[in-house]
């Protein structure tokens, strides 16, 4: 008889693989950015949001905060490294005003994470309290990160075009949400369940929109930029993710 913990570990490993693929999904965007030497109309917001989300989940998964969550640490640690590379490329090819904005947002994020770490370690002296505080913060920011695709979904409905909502990214986001929600339910973790449950619903909504508006999307010309993918969501708990 397979134990629930063993099943949870298997699901978590699968979630790590799916989430890693999701983290790598914007890669075509950055290949195009490097080739063209210009970020064009793309914005760094999704990568900045994912960077903060990963940093918070890494802290949440540490044994001193929430024991037995090493798979949360591994995938979010990998995500943190990947997002750092993305942001570095975006910074290198952005005009000065956009660079300054990026640095400002990143500085605020780093100060915030440092304040959370210091406040939790000094103010909460057992893992239950630490899990509650950090988990609540992760729910808030994880939910915001998963809600970010709403702007893209609105654009799809307005333009009747899925040009900037790639099917692969939407589909993997949906699978990611299902996997991590399952992981959280096996050994119930409300802090992982909520953002990933919402992520599953949003991923499904994106897929429905894609099939509704794919037929009305203009076909890209050879010199168009439609191959560039703007990430509309990322890993939830990897949780996310």
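Backbone N, Cα and C atoms are what each Cβ position is placed from, and that goes for glycine too.
Per TrEMBL, region 'Disordered' is recorded for 220-241.
Per TrEMBL, the feature transmembrane segment maps to 12-34 (among others).
TrEMBL lists 46-64 (among others) with the feature transmembrane segment.
Residues or ranges marked as transmembrane segment in TrEMBL: 70-93 (among others). Within its own chain, the transmembrane segment (70-93) has Cβ neighbours under 8 Å at 9, 12-13, 15-16, 19-20, 23-24, 26, 30, 33-34, 37-39, 42, 44, 47-48, 50-51, 53-55, 57-58, 60-62, 99, 102-103, 106, 183, 192, 234-235, 237-241, counting only residues six or more beyond its boundaries.
If you look up TrEMBL, you'll see 105-125 (among others) marked as transmembrane segment. If you look at the transmembrane segment (105-125), the same-chain residues 6 or more away from its ends with a CB under 8 A from one of its CBs are 44, 48, 51-52, 55-56, 59, 64-65, 87, 132-134, 137.
Under the heading transmembrane segment, TrEMBL lists 131-152 (among others).
What TrEMBL lists as transmembrane segment is 164-186 (among others).
If you look up TrEMBL, you'll see 192-213 (among others) marked as transmembrane segment.
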